[in-house]
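J.: According to TrEMBL, the protein has these features:
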type	residues	note
DOMAIN	A:95-302	domain 'ABC transmembrane type-1'
TRANSMEM	A:99-122	transmembrane segment
TRANSMEM	A:134-159	transmembrane segment
TRANSMEM	A:179-198	transmembrane segment
TRANSMEM	A:283-309	transmembrane segment
Amino acid sequence: MFRFIIRRLLFGILVLWLVTTTVFCLLHISPTPVEKMIAGPRASAATVALIRHNLGLDRPFLVQYWSFLKDTFTGDLGYSYVTQAKVSSIIADRLPATLWLVLGAAVLWFVGGITTGVLSATKARSLLDRTSTGFVLLGLSIPPFLMALLLPFLFIHEIGITWFQTGQYVSPFEDPTLFLQRMILPWLALAFLIVATYTRLTRGSMMDVLGEDYIRTARAKGLSERRVIYRHGLRAALTPIVTQFGVDIGALIGSTIVTEKVFGLQGIGQLVYNSIVKGDTPVILGVTLLTALFVVVANLIVDIGYSFLDPRVRVD
Amino acid sequence: MSLLEVTDLKVSFNTSDGVVQAVRGMTFSIDRGKTLGIVGESGSGKSVSTQTLMGLTPGAKVSGQALFEGQDLLSMTPDQLRRIRGPQISMIFQDPLSSLHPLYKVGWQIVEMIRAHEPNVSKADARKRAVELLGMVGIPQPDRRVDDYPHQFSGGMRQRAMIAMALALNPKLIIADEPTTALDATVQAQILDLMLRLQREFDTALIMITHDLGVIADLADDVLVMYAGKPVEQTDRRSLYYRSHHPYSAGLLRSIPSGAGGRGGRLIPIPGQPPSLISPPSGCSFHPRCPYVMDTCRVDEPPLREVAAGHGSACWLPKDALGLGPEAEQLRESAVAEGRTEVGA
């Protein structure tokens with residue numbers, strides 16, 4: 001088990017290195033040099049050269065790359081070209097909003113997806129199954145921006161629940177009520193886009209499992225139907241779902257741009273958007289690294305968690 | 001009163017291809033402590049019939065009566081039937097690897113069954129009983145193996161664990177559905193011996209479902225041969241082996257290696273395929289494969305009638321054409337040649 005984790009960790013580091021190197025190279029072949037963007041269109045050649053020098057961009061490519069790698073390894077992600085602030089503190093500032101957004105939505109879509117999935121698997125072709133299949137289709141087909149626009153309109157303007165708010169992220173430790181007021185709609189919007197996948201995944205997995213011989217055994221043992229479905233069926237059906245769940249959460253950090261933008265949450269997604277528009281290379285690199293880190297860590301957790309979920313793949 | 005009395009059991013399923021008549025009228029009974037062998041090819045309705053009795057065939061259309069200690073299993077509510085499953089009637093299935101839950105420890109699965117029906121038993125006591133049971137079915141170091149997962153057991157050990165589970169609540173009847181088919185030949189004999197020993201020890205009635213006449217040769221008191229969802233021959237074990245009447249039973253006997261077909265002789269397979277249960281053949285459903293087929297067989301369905309005391313057979317051949325011997329063979333051949341059936345005789 002220990003060797004397995006070490007191997008996965010080393011592999012994860014390799015992935016991170018490849019990701020950052022790729023992004024670093026891509027940004028260096030960008031058509032508008034960054035020093036020109038900072039200096040503005042009417043700056044003199046001397047100013048541009050000075051900025052270029054200050055940013056260390058006049059050094060040879062490999063030297064830049066090496067110092068970038070060394071700094072990254074020690075946790076120093078450099079300074080923003082635009083605000084001159086430390087990239088690590090910019091990210092640390094923005095991360096909570098995105099983390100709360102993703103985690104809250106994740107709970108909703110996980111619980112919602114599994115509940116509807118199990119119900120439609122055990123009552124296949126019933127009205128409930130058909131209704132949830134319809135919702136699944138709706139969730140899959142609505143574009144994220146529309147969903148994010150639709151929910152506040154529906155809940156606040158049409159239904160008139162004025163308790164809900166839209167606005168900037170507030171830490172739950174400062175004002176828990178306001179936090180909920182502002183986060184519930186973004187959670188719903190994000191979860192509704194993804195819950196469909198989990199309903200389908202759960203339904204399929206459950207229907208496979210419920211046809212297994214050990215489910216017949218569980219019934220032959222005289223267990224209650226609820227125990228057969230949840231303790232025996234869902235327990236076995238859960239493995240692929242949890243795997244997907246880990247990967248999805250990891251991948252979602254850094255790709256919630258639309259939801260954040262529409263709801264005005266100052267998270268990582270917005271940060272990425274602004275940085276790309278302004279050509280703020282160090283921040284883009286920092287966020288990319290962070291996103292890759294989350295994906296790698298999520299995969300690692302899934303791999304390790306898998307061996308706890310399924311004793312057959314347990315590595316000794 | 002018999003322990004279980006099944007009368008005219010019929011089971012059918014609606015499918016997109018049509019109505020599958022899986023069981024088309026089955027009558028049998030089994031007494032306490034006795035063993036009934038149900039034999040037939042796959043698709044003959046032998047598994048469906050017993051699983052239907054236990055309420056394990058959702059979506060099936062069922063008619064008939066199945067009195068277990070005087071109570072009709074087929075008219076029970078799902079919850080009443082659930083209380084029967086385990087403490088009264090338990091089951092052993094064909095493939096022990098897929099029949100045990102892969103994600104739970106073997107002991108846990110036995111404990112779960114005990115506590116589902118006896119909620120007052122503590123976890124520790126139930127576990128103790130699980131260890132005892134595993135020891136009884138011959139699993140070495142049961143106090144350690146109780147915490148193993150099914151994949152850590154060998155095939156034979158898994159089936160032993162299934163047997164332990166089936167015995168956990170001391171049921172009056174065990175239904176074993178091809179319990180040795182998925183096992184190695186050497187292990188098969190061990191498992192059969194074990195089942196026989198425990199059956200005597202616990203005084204349990206046993207229904208042994210198999211496609212292999214060899215399996216029930218020294219196990220069953222009575223044998224029921226199924227074909228296309230119907231019993232075609234029903235008798236005690238000795239009569240079936242030495243004085244079988246139905247050509248299908250005879251075909252099964254001839255296809256046992258080194259069995260009644262003669263030592264060292266060739267195995268004689270039954271030609272053809274089992275019939276479709278959506279549209280079974282007219283008359284006797286075995287007639288397309290029968291070597292003694294007569295005109296009557298294609299039109300009239302033979303009833304299960306007594307050919308000797310306590311020996312029923314659903315075949316138009318003369319009653320005294322019993323067994324695989326040359327005399328019986330001559331009787332059969334002359335009957336076919338003259339087109340003579342019992343109806344006219």
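Using N, Cα and C of the backbone, Cβ positions are placed for all residues, glycine too.
The shown structure was predicted, so the numbers you read here are calculated from the model rather than taken from an experiment.
If you look at the structure here, what lies around each of the features I listed?
T.: Long-range Cβ contacts of the transmembrane segment (A:99-122) within its own chain (Cβ-Cβ under 8 Å, at least 6 residues beyond either end) map to 128-129, 132-133, 135-136, 169, 172, 179, 183, 186-188, 190-192, 194-207, 210, 229-230, 233-234, 238, 241, 245, 248-249, 252-253, 256, 259-260, 265, 267.
Beyond its flanks by at least six residues, the transmembrane segment (A:134-159) meets 116, 166, 185-186, 188-190, 192-197, 199-200, 258-259, 262-263 of its own chain at Cβ-Cβ distances under 8 Å.
Residues 1, 4-5, 8-9, 12, 15-16, 19-20, 23-24, 27, 68, 72, 77-78, 80-82, 87-88, 90-91, 95, 238-239, 242-243, 246-247, 249-251, 253-255, 268, 271-272, 275-276, 315 of the same chain sit 6 or more residues outside the transmembrane segment (A:283-309) yet have a Cβ under 8 Å from a Cβ within it.
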